[in-house]
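Undergrad: I have a structure I would like to understand better, so I am pasting it below and will then ask my questions one at a time.
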Amino acid sequence: MRVLQVLAVSKILTSHLSRTHRPSASRQMSTAASSLKKSPIFRTLGLIGGKWIDAYDAKTIQVNNPSTGEIIAEVPFMGTLETNDAISSASDAFNSWSKLTAAERSKYLRKWYDLIMAHKEELGQLITLEQGKPLKEALGEVNYGASFIEFFAEEAKRIYGDIIPATLGDRRLFVLKQPVGVVGAITPWNFPLAMITRKVGPALACGCTVVVKPSELTPLTALATAELALQAGIPPGVINVVMGNASKIGDALLASTQVRKITFTGSTAVGKKLMAGAAETVKRVSLELGGNAPCIVFDDADLDVAVKGTLAAKFRNSGQTCVCANRIIVQEGIYEKFAEIFSKAVQNLQVGDGFTEGVVQGPLINEAAVQKVETFIQDAMSKGAKVLLGGKRHSLGMTFYEPTIVTDVKSEMLLASEEVFGPVAPILRFKTEEEAIHMANNTKAGLAAYIFTNNVQRTWRVSEALEYGLVGVNEGIISTEVAPFGGVKQSGLGREGSKYGIDEYLEVKYVCLGDMNRS
């Protein structure tokens, strides 16, 4: 059977044998950290106007390895003053950067892409070191993140205007697309490279300049990526990076009239605050917020495909992505069978630090993340759910958590109503297609959804009925630079990636030329 083949391959790829190799992995991690600190792309200062600077009051914040708790580096704990200077730098640079031809900006971006790919191994190791995801997954993020720079280097030359047929004979009407201006880009810790390039790529392609505020948990990848931008020749002030006091940095970006757009990826709660704050100066806002992704498995699905796709959609990055399957909704006729096969596959997932060969799940980002998972599990159990697998902290300690499956989950439980952001797979039961759609849509979120079925007509019906910005059909990994990424309802505003993503950084200007009949 193909199911057995899938499980056999999964077991080979994630052999339990290397769980005992942690000392070796620690040496690998230590070697990588030591090597990275000698690399010219390893930076620990903020970037303002092309200069690497400390916080003005010399305050710092530690960056820790979530696998070990060890301090990797200290970076500046910046605030209002540094952010205001970064904004001024970006504003000054905008005057010249926006006047370059699209072809010139394209060349800079292409060079930046080439340098990112040339330093792929170092960037991947840096992501694993400060974020914790397995090295293979981190290298995948570098590829994914770089793809946005490459795509928008090409798309820069395709920002077209328009000619409108005039209603009067002596007039000519045309439309220009121009860069919105200085952009404040606030990015999360779960994809410390890709969430920056997905925003900065289109912004620079249009002619905008940026002030990037990376997560204080994972700033080193952002700084390394910015260093490569400088090496690519991107002029000083076009990209600025500040980190530290999140609220003060955010308030400065919102208050400034020079900042014309805010782009943010993160929690819905913070997104709402940014949206409200942006109203004071009427800034443009694009928000990629939290999700509560349903993964619907119909009884006509290929179970091999469903298990493989659900595994990828749920446990990538230890369940710490906004598009992770948060609710696995399985039709009652195959509920027990799916749970059994899925459980066997999850049981084979190897947990450990990201430098260990074969590891597919690293630590959660911090202690607060683990406590949130524990709260959700306790809530579910108190309301009648059963832990089929895992359900507790991993024996490795720190913030490692066992891959977990919970059955008999009901809609009133936290696991079904809120985003767990951890390696927990709640399995819910449904009878009819209509019930599945209702369960999937019964949430304030609307980012990603997944369905598994072999019925073509059902594919169309359900995809159209789901209130989500992205829908994967028989596939658990659907993000790509060439397709629009974004949600509906309280999962955000706007789209990132693809030809649609570049419009978020452009203003449309209408020009009317009169008196055209005069000779």
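For all residues, glycine too, the Cβ spot is worked out from N, Cα and C.
From TrEMBL, here are the annotated features:
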type     : residues : note
DOMAIN   : 52-511   : domain 'Aldehyde dehydrogenase'
ACT_SITE : GLU288   : active site
ACT_SITE : CYS322   : active site
Undergrad: What's the CA to CA span in angstrom from CYS322 (active site) over to GLU288 (active site)?
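TA: Each residue's Cα considered, CYS322 (active site) and GLU288 (active site) end up 9 Å apart.
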Undergrad: Using a Cβ cut-off under 8 Å and a sequence separation of 6 or more, which residues in the same chain sit near GLU288 (active site)?
TA: PHE264, THR265, GLY266, CYS322, LEU447, PHE485, GLY486, GLY487, SER491, GLY492, GLY494, GLU496
Undergrad: Near CYS322 (active site), how many other Cβ atoms are within 10 Å of its Cβ?
TA: 27
Undergrad: As a test of reading the model: what is the averaged pLDDT for the domain 'Aldehyde dehydrogenase' (52-511)?
TA: 98
